[in-house]
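Take a look at the structure below.
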Amino acid sequence: MSFFGLDCVRKREREEERRLKANDRDYNLSFKYATNAIKTSKYNAITFLPLNLFEQFQRIANAYFLFLLVLQVIPAISSLSWFTTVVPLILVLFVTAAKDAIDDINRHRSDKKVNNRKVQVLINGELRSEKWLDVQVGDIIKLENNQFVTADLLLLSSSEPLNLVYIETAELDGETNLKVKQALTVTGDMGDSVTALAAFNGEVRCEPPNNRLDRFTGTLSFAGQKYPLDNEKVLLRGCTLRNTEWCFGLVIFGGQETKLMQNCGKTTFKRTSIDRLMNQLVLCIFGFLAIMCAILAIGNYIWELEEGSKFTVFLPREEGVDAAFSSFLTFWSYVIILNTVVPISLYVSVEIIRLGNSFFIEWDRKMYYERSDTPAEARTTTLNEELGQIKYIFSDKTGTLTQNIMTFNKCSINAKSYGDVIDYSGQRLEITEDMESVDFSFNPLADPKFQFYDHSLVEAVKLENTEVHAFFRLLALCHTVMAEEKNEGDLHYQAQSPDEGALVTAARNFGFVFRSRTPESVTIVEMGTQRVYELLAILDFNNVRKRMSVIVRSPEGKLCLYCKGADTIIYERLHQSCSKLMDVTTEHLNEFAGDGLRTLALAYKDLDEAYFKEWKQRHHEASTALEDREEKLDKLSEEIEKDLMLLGATAIEDKLQDGVAHTIEQLAKADIKIWVLTGDKQETAENIGYSCNMLREEMNEVFIVAAHSPEAVREELRKARTTMKPGAEDTFVSKTILGNTPKIVADETVSGEYGLVINGHSLAYALEPSMEVEFLRTACMCKTIICCRVTPLQKAQVVELVKRYKRAVTLAIGDGANDVSMIKAAHIGVGISGQEGMQAVLASDYSFAQFRFLQRLLLVHGRWSYLRMCKFLRYFFYKNFTFTLVHFWYAFFCGFSAQTVYNEWFITLFNLVYTALPVLGMSLFDQDVSDSWSFEYPQLYVPGQLNLYFSKTAFAKCVLHSCYCSLVLFFIPYGAMYDTVRDDGRDVADYQSFAVLAQTCLLIAVCIQLGLDMSYWTVVNHVFVWGSLTMYFVVTFTMYSNGMYLVFTASFPFIGSARNSLQQLNVWLTILLTSILCVLPVLTYRFLLIQLQPTINDRVRLKVLQAKAAPPPPRRRTRIRRTSTRRSGYAFSHVQGYGDLVTSRRYLHRPAKPRSSGFTPTGRSLVFNPTGRSAGYSPTGHNQSPKQEVEATSLQMYRTRDMSF
């Protein structure tokens, strides 16, 4: 570690290949590989002070105040005491440093917690418990069930047959379904023998550390042989071991070199756009200040030459001081006097405002999630106003938009729809949590978490309806799910896809319980009777087939093929006798799709024994072919999967989080663009897009970019762009910043609405420098963008791309470790306290429990924070420029002598006491409209995106306004006091009386301006405004009293000037005239603006007034329903399924122990006849017939009522 807490070890040359030997630390240490310790903190005890001060003095204003402090300790030019600057500066630096220290301490604690986890390491022939940070490359470690993977490991052996392990990769890609990894046979034979593992001396040569989660290449040299290594033999850090008693692994990458850490973006210092604008404005103010001081210095030089010589008789000059040197000193004196154009109290106030608005977010009960006892949390206090300017939102899908829970919602069986609850009048009822669900107590093996509300389906099961039994028998047999039963009746399913898990769970509850499997059989419990089906073949699904089939032999010896898949695929393979049933089922599928459900069609076919035997032989020959194996197998599948008999369809709901669709709709109305960046499959991502109304059937077109070469990706992007806007040219806006000329991609308008779905392979090419602008242009022309199968680093790259080429504020929201890099890359990161750990929350700027809270965070808190901060800055600059410019005009009447207009105590207390609380009250409590009206009109958010409330133009208007007011505040009192006498004839036109009048006029004028700027008066605002005015008069009369003069003669010279001035009627008339002249132009300008060019705020506030401040009618919280004919519900795997693994005798679990059927007769149990129709030979209990008649069924009672949102 370096002095600054960074790795200052001489950088090794770029690693081309990683070489390591097992159990040989000395050899591996020679390469200086990274240890397994991680570090996310920024500081340590030594580096905190210098690094933090370095960061803080990057803020130009802090450096400016330090420069002022140096000037104020020079007696020749100082006109104010040094402590007036040093105390506020130290306070600002201390508060900011304390906040940064607390944040970094939390990072240290998190790092320490992870680094101090324990794992068993094989050292010197024995297993020792070591901390994670002490693990090194080349060590062999032992992991046990449910443990996190310590580092990137080469799997050596496991407790499972054939050295398989099951891992959960939720931290990497957000998916909670299990993945299978398998060790090499040569290492798997070592098992858990410590002796054999300690003697293992294999050498690994592999790729250097990189961020590719889906790829690994390398070789293992052992016992004179060389074995290839790929991604299937590697366990990555961040995964969790599941359903595996133990496994051993060889550490390949550790700590910062692991693929997980390589995908984590760097922690950057985030600053708001207002902060960046402030830095530019402060530079402009410095220039303005320098010009004013130069003008006054030149004035002093001329005055000294023309008039100064007349005063040398009674004001002799010091030796060596001439007009030129006097003007030089005057320049720096005025720098000190006029420094209040950027007072340090501005930055103190900004931090207080941000802190207060952060507390409002955390105290908001409407963002509190009671179910998990999780309030909203503002983890940073510096970005609140940025929440009111968001243009792009980048969202994860799994766990962020969805609950990651699949539920069996509806089904269609033999032309009858199940799942809706119908009242006595035939109307469909909305299902609520209070509604009574189906009682599955008759089934001891039922999953207690499963809920279904249509009682007619369970009645059909109990009445042994043949088609219903065949339907659930198919669901119990046609899958590749693994069952684990630790205790009697306590079943746990591990599915490759959550859809499969939901379907098998539904069959389980309705009495067809999948119990266990072997490579040759599937055991299910049918209505209380355990039956073993011989598993003859699995025709697995993939993205091309979009279906899967199993061929089984029943205990009675009958052969049957069961098939499930996308309805369009199944329909092409149905027997012609199913036409009527198909028409009715299609209507049901349309209804299911209209509700945003994921649909699947089910069919079966009885097989002839002789035909199957011959087909099986051909299938075996094709599976062992060296050439065209896949094509031959597909042909055989096509051959046998035809003339199917339709059973029905399923409808699964991938549960969105509450309020997701409404939130997305509200954000879209606020002109916020949402991009979904997910590691999930394309099919799944599309389904969620349709479910939450991001993708709609009404769109002109949804483009799918799924090419596998740069040329093909470029062509698809160009084709999409040409479709949306024929003849579109490259459109950039050049903007020069400090000599750089970055390309700004301008927004392009298109007619119609389009969507874009792009997968990870294509995105990798699209993000290349030569194509990234083309991709961004195409994407920005679309209304909805979904990127699927993306790695964590690609998520961050997409965010960086938009930040680089669009002048917009970005927000990233996610819930897992795979979202951390995206959260860090965006201007604002939001973490969801979800199911995937706390990594996203720890890396975020804001966190809460539900996606729906995002609309309140942005449309209410963000908009209010931005509005308040902009009002504060406009008012603060107006107030201080007005205060300061009076000095400028006065200089022309005091010989440019750096004399102040006001009393020194007024100068000290103006920003700290007299005007601090009123402006803070406005900045903390002001709101143009209430939160309910903010939701009613999301368009109120748009001005923030366009920087309309505070910009360089708004600042210039403030300066002009201040110049006018300062002229009024100086010359009106000056003219009123000139040659004026009191009522008793005494002279009132002295310097002290003028100072009292000028400062009183100033304070009252700025308070009136504050009242005009404030939209929402609270008790606190009244107390602050009237209290500050009262405080001014109390303090003024006290400080200018005889007593204070007698006690501190040098400090309080204005004896009696307050009494002398403020008792005169003409003084109060002057104050009244000055105040009217200051606010009259403002009122005139605002009146004309509202009449001629009203903003959306003006129009909404008018509606509020018309409604007499009554809240808008409550929003209807009806479920958003899309009417659609799109049905592609099933989320097929992006890779080949587990079918080959299941039937290859590579048995995934040890054989289950003999057990009872699980149906124990109890008081409430039903006794089923195991030889009844439910145990029939054929799935439907009768021969298939091409003349089979399908009873016409009225669908009226199942149709969804048209509910207008």
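We count from 1, first residue shown onward.
Placed from the backbone N, Cα and C atoms, the Cβ positions cover glycine too.
Nobody curates TrEMBL annotations by hand; they come from automatic prediction.
Noted in TrEMBL for the protein shown:
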DOMAIN    21-86  domain 'P-type ATPase N-terminal'
TRANSMEM  83-102  transmembrane segment
TRANSMEM  281-303  transmembrane segment
TRANSMEM  323-348  transmembrane segment
BINDING   Asp396, Lys397, Thr398, Glu500, Phe541, Lys564, Arg598, Thr678, Gly679, Asp680, Arg789, Lys795, Asn818, Asp819  ATP binding site
ACT_SITE  Asp396  active site, 4-aspartylphosphate intermediate
COILED    619-646  coiled coil
DOMAIN    841-1094  domain 'P-type ATPase C-terminal'
TRANSMEM  872-893  transmembrane segment
TRANSMEM  905-925  transmembrane segment
TRANSMEM  954-974  transmembrane segment
TRANSMEM  994-1012  transmembrane segment
TRANSMEM  1024-1048  transmembrane segment
TRANSMEM  1068-1089  transmembrane segment
REGION    1151-1193  region 'Disordered'
COMPBIAS  1180-1193  compositional bias 'Polar residues'
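Counting Cβ pairs closer than 8 Å and at least 6 residues apart in sequence, the transmembrane segment (83-102) and the transmembrane segment (323-348) reach three or more and so form a contact. Confidence over the domain 'P-type ATPase N-terminal' (21-86), given as mean pLDDT on the 0 to 100 scale, stands at 82. Neighbour counts were taken at the CB atom with a 10 A radius for the binding-site residues Asp396, Gly679, Asn818; the maximum falls on Asn818. Below 8 angstroms of C-beta separation, residues 59, 61-62, 64-65, 68, 71-72, 74, 76-80, 85, 88-89, 91-92, 95, 282, 285-286, 288-289, 292-294, 296-298, 300-301, 304-305, 308, 317, 876, 880-881, 883-884, 887-888, 891, 896-898, 900, 907, 910-912, 916 of the same chain, each at least six residues beyond the ends of the transmembrane segment (323-348), sit close to that stretch. Using a Cβ-Cβ cut-off under 8 Å and counting only residues 6 or more beyond its ends in the same chain, the transmembrane segment (994-1012) has close neighbours at 875, 878-879, 882-883, 886, 901-903, 906, 910, 914-915, 918-919, 922, 965, 969-970, 972-974, 976-977, 1025, 1028-1029, 1032, 1036, 1040, 1054, 1057-1058, 1061-1062, 1067, 1070-1071, 1074-1075, 1078-1079, 1082-1083, 1086.
Beyond the transmembrane segment (954-974), the same-chain residues lying 6 or more positions past its ends with a Cβ under 8 Å from any Cβ of the stretch are 281, 284, 288, 870, 874, 877-878, 881-882, 884-886, 888-890, 893, 901, 994, 997-998, 1001-1002, 1005, 1070, 1073-1074, 1077-1078, 1081-1082. Under DSSP, residues within the domain 'P-type ATPase N-terminal' (21-86) fall into helix, strand and coil as 31 helix, 1 strand, 34 coil. Counted within 10 Å of its Cβ, the other Cβ atoms near Arg789 (ATP binding site) come to 21, all protein chains included. A sphere of 10 angstroms centred on the C-beta of Phe541 (ATP binding site) encloses 25 other C-beta atoms. Over all protein chains present, the Cβ of Arg598 (ATP binding site) has 26 other Cβ atoms lying within 10 Å.
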